[in-house]
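Features as listed in TrEMBL:
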type: BINDING; residues: B:K7, B:Y8, B:G9, B:G10, B:T173, B:D174, B:K209, B:V210; note: ATP binding site
type: BINDING; residues: B:T47, B:E74; note: substrate binding site
type: DOMAIN; residues: B:263-346; note: domain 'ACT'
Number of protein chains: 2
Amino acid sequence: MAIIVQKYGGSSVANPEKIKKVAEKIVDTYKNGNKVVAVVSAMGKTTDNLIHLAKQIANIPPAREMDLLLSTGEIISVALVCMAIESLGYQAEGLPGFLAGIKTDSNHTKARIRTIDIRRIIKELKNGKIVVVAGFQGISPEESITTLGRGGSDLTAIAIAGAIKAERCEIYTDVPGVFTADPNIVPEARIIPIISYKEMLEMASAGAKVMQSRAVEFAQKYHIPFVVKSTFADNGGTMVTEVDLKEGAVVSSVTLDEKQSKITFFRVPDKPGVAAKIFGALGKENINVDVIVQNVSIQGYTDLSFTVNSTECERAFEISKNIGKDLGCENITSDSDIAKITIIGLGMMNHPGVAARMFKALADAGINIEMISTSEIKISCIVKKKDGQKALKVVHKEFIE
Amino acid sequence: MAIIVQKYGGSSVANPEKIKKVAEKIVDTYKNGNKVVAVVSAMGKTTDNLIHLAKQIANIPPAREMDLLLSTGEIISVALVCMAIESLGYQAEGLPGFLAGIKTDSNHTKARIRTIDIRRIIKELKNGKIVVVAGFQGISPEESITTLGRGGSDLTAIAIAGAIKAERCEIYTDVPGVFTADPNIVPEARIIPIISYKEMLEMASAGAKVMQSRAVEFAQKYHIPFVVKSTFADNGGTMVTEVDLKEGAVVSSVTLDEKQSKITFFRVPDKPGVAAKIFGALGKENINVDVIVQNVSIQGYTDLSFTVNSTECERAFEISKNIGKDLGCENITSDSDIAKITIIGLGMMNHPGVAARMFKALADAGINIEMISTSEIKISCIVKKKDGQKALKVVHKEFIE
C-alpha cells in the first residue's frame with residue numbers, strides 16, 4: 001500500500017471551513033487505498049498574533065522561547081484537522097513535531113532536521129490511522145522545542161516523505177503549480193508539468209515566490225520528488241524531480257524581480273583586494289549580494305556595481321559609503337529603479353546562443369540592459385524598473401509561447 | 001537551597017502586563033535565594049477561544065484531539081512568562097507538561113497524574129534556571145497529550161511540589177486567601193490563616209469556589225502543604241495542611257450555595273430497595289446527589305427529598321418522574337427556590353452542641369430549616385433562597401465574629 005505525504009499551508013487551513021475541505025481531501029486520498037501523512041501549517045494569522053503577543057513582552061524575544069510559542073500554532077491546526085477527519089468517520093492521529101520524531105539541531109528559529117525517528121508515524125499508519133503532523137517544528141538534542149524557519153512545513157513534509165519512503169509527496173498551496181512566468185503579468189503563462197530541483201532553486205533565488213530554497217535543497221539532496229499543486233482545484237500541478245538534461249526545456253521559466261536595488265562605486269582604484277573588501281564587509285553583515293558587474297579598468301580606475309534585495313539596500317548603502325571613503329572612491333550611488341529579469345532552463349547547458357536570443361528580444365523591444373549575470377542554467381538581466389513587465393512579456397514570448 | 005513551587009492561574013496571566021508582573025514576582029522569589037518552579041495556566045480567554053474553534057469543526061470534538069488543542073493554551077503562557085523573566089535578566093526554562101515529566105493515565109480531558117519524572121526539572125534548577133511548567137497537561141502511556149480537567153494547574157503544581165519535595169507550594173489566585181465566608185456577602189468575613197485539607201474539601205463540596213477538590217485530595221494523600229494567596233497583593237494567604245484536631249477551630253468557615261435544587265417524592269411506598277432504585281438511577285446518569293432527607297414512615301408511606309446541583313436539576317427531575325411512576329408514588333416536585341448554608345470545622349468533632357447552636361441562631365433570625373445533613377466536620381441546612389444571605393450572616397456572627 002502506497003504512502004502519500006501531503007502538506008497544507010497556512011492559507012489552506014485559514015479557517016474552520018477550509019479545514020473541513022482539507023479534511024475531505026485527505027480522506028479522499030485515504031479512501032483511494034493510500035496511507036496518508038498530512039503535514040499542516042499554522043492557521044492564516046495565528047503566527048502573526050503570537051509574534052504580536054511576544055513583542056508586547058520583549059522587544060527582541062529570545063529565540064528558544066519564541067520557538068516554544070510559535071510551535072503552538074501548528075499544533076492547533078493539527079488538532080482541528082484531526083477533529084474534522086474524525087467528523088467524517090475516519091480515524092486520525094495528531095502529532096506535534098516532537099511526537100512525530102522530528103529531531104533537529106539546536107539552532108532555534110532556523111533549526112535543521114537531523115533525523116526523523118519514523119517509528120511512531122509507521123505505527124499509527126499500520127493501525128489504519130491518518131497521521132496529521134505539525135509542520136515547521138521539531139525537538140533539539142537538549143529536548144527543547146525548535147522551529148525550522150520560513151518554509152519549514154514544506155521541509156517537514158519532504159523530510160518525512162524521504163524518511164518513510166513515501167510514494168508521493170504533495171505540497172498543497174494557493175497556486176495551481178509552478179508557472180512559466182507570473183500569470184498576473186503574462187496571461188500566456190502556463191503551468192510547468194515537470195521541472196528539475198536545480199531550476200526550482202534558481203527560480204527561488206530569482207524572486208519567484210513558489211517555495212523556500214531549503215525545502216527544495218533537501219529534496220534534491222535526498223532525491224525526494226514532490227508535486228506542487230492547488231489545495232482547492234483538482235487539476236494542474238508541477239512535479240519537481242531529477243530531470244534528464246536531454247529532456248529539460250531550454251527555458252522552463254521566466255521570472256521578474258522588482259525588489260532589487262543597485263549600488264555603484266564610481267572610479268574605484270583597480271587594485272587587488274578591493275572586491276574582497278567590499279563584499280567581505282557586506283557578507284559580515286549578512287547582506288546577500290546578487291548580480292555583480294565590474295567595468296574594464298581605465299587608467300587604473302574602474303566602476304563596480306552590484307544588486308541587493310531592496311529591503312537591505314539602505315544598510316548596504318551605509319556600509320558601502322564607509323568602505324568607499326577608505327578606498328578613495330569618487331562617488332557611490334544607490335538606485336532602486338531597477339528590475340531583474342531571469343530565464344531559467346536546464347536545457348540551456350546544451351543549447352548555445354540562448355543568451356544572444358534573450359538580449360536580442362530585449363533590444364528589439366527597445367529595452368536597455370544595465371547588468372548581466374549568468375550561471376549554468378540561468379541568465380539574469382537588470383533593466384530599468386519601468387521596462388520590467390514588458391521585458392518579462394517579450395522574453396516569455398521568445399522562449400515559451 | 002529551598003525549592004518553591006508557585007502556581008499562577010489564568011486571571012494572573014491574562015495579558016502581557018500581568019505576565020510581566022508575574023515574572024517580577026517569580027524573580028523576586030528567586031532573588032531571595034530560592035530555586036523556583038512556576039506552573040502557569042492558559043491566559044484568560046485562550047481556552048474559551050480554542051473551544052469555540054473546535055465547536056466550529058465538530059459538535060462534540062473528540063477528547064484526545066481536544067486535549068492536544070487545549071494544551072497549547074498553557075504552552076503559550078509558559079513561553080511568554082519565560083520571555084518576561086529573561087527580559088528581567090534571569091534565565092528561564094519553559095517546559096510543556098510532557099517535557100516536565102508529567103505522566104498521566106489515558107483518560108483524556110480528565111487524566112490523572114501517575115508519576116512525575118523530575119529529572120528534567122531538577123537538571124534545569126541545578127543549572128540555576130527558573131523553571132516554568134505548563135499546568136493542566138501531561139502525556140499518556142501511548143504518548144498522546146492529555147489534560148487533567150478543571151483545576152488541573154493546581155494539581156500540576158501540588159504534584160510537582162510533592163515529587164521534588166519542595167519546601168513550599170504557593171497557589172496564586174485572584175483572592176487573598178480562603179475566607180471564613182464570602183466577603184461580598186459578609187463584610188466581617190476574614191481570611192483563615194491555616195486550615196486542614198479536610199475542611200478545604202468540605203468547603204469545595206459546599207459550594208465555595210476556592211479550589212477544585214482533586215488538587216486538595218492529592219495534597220492530602222501525599223501530605224503536601226500549600227498556601228493559597230493573591231497574585232497581586234502581598235499580605236494574606238491561607239496555609240492548607242494537616243491540622244491537629246485540638247488546634248482546629250470549632251467552625252472555620254461558613255458557606256452559602258445558592259445553586260441547589262430540591263426534588264421531593266411524595267407518598268412513596270416505604271419498602272426496601274426504594275432509595276437504591278432512585279439513587280442508583282441518578283448515579284448511573286452521573287448526577288451528584290447532595291443532601292438526602294427521608295421522613296418517618298406513616299402507614300407504609302414516606303416522603304423523600306434530596307438536593308442536586310441546579311444545572312442538573314432538569315435531568316434529575318425527568319429521571320425521578322419515570323422512577324416515581326414505577327414506584328406508584330403520588331407526586332414528584334422540583335424546587336430551585338432553596339439555598340444551602342454549611343458550617344465547616346475540624347473542632348466540631350470534639351465539641352458537641354454545635355448543631356444546636358446553628359439551628360438556634362437560624363430560628364432566632366426567623367429562618368425556617370427545610371432539610372439538614374451532617375458529616376463529621378460539617379453541618380448543612382437547606383433554607384428558602386430568600387433567607388440564604390441572612391442565614392450566612394447570622395451563622396457567621398454566631399460562630400466566627
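A Cβ is built for glycine as well, from the same backbone N, Cα and C atoms used for every other residue.
Feature annotations (TrEMBL) mapped to structure.
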residue: B:K7; record: ATP binding site; contacts (Cβ under 8 Å, 6+ apart): B:A38, B:V39, B:V40, B:S41, B:G135, B:S153, B:D154, B:T156, B:A157, B:C169, B:E170, B:I171, B:Y172
residue: B:Y8; record: ATP binding site; contacts (Cβ under 8 Å, 6+ apart): B:V22, B:A38, B:V39, B:V40, B:S41, B:V81, B:Y172, B:T231
residue: B:G9; record: ATP binding site; contacts (Cβ under 8 Å, 6+ apart): B:S41, B:S153, B:Y172, B:T173, B:D174, B:T231
residue: B:G10; record: ATP binding site; contacts (Cβ under 8 Å, 6+ apart): B:S41, B:A42, B:M43, B:G44, B:T46, B:T47
residue: B:E74; record: substrate binding site; contacts (Cβ under 8 Å, 6+ apart): B:V40, B:S41, B:A42, B:P96, B:G97, B:A134, B:G135, B:F136, B:Q137, B:S153
residue: B:K209; record: ATP binding site; contacts (Cβ under 8 Å, 6+ apart): none
residue: B:V210; record: ATP binding site; contacts (Cβ under 8 Å, 6+ apart): B:T173, B:V175, B:V178, B:M200, B:M203, B:A204, B:V228
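Look at the domain 'ACT' (B:263-346): DSSP puts its residues at 30 helix, 35 strand, 19 coil. Over the domain 'ACT' (B:263-346), the average per-residue pLDDT in this prediction is 89. When other Cβ atoms within 10 Å of the Cβ of B:D174 (ATP binding site) are tallied across all protein chains shown, the result is 13.
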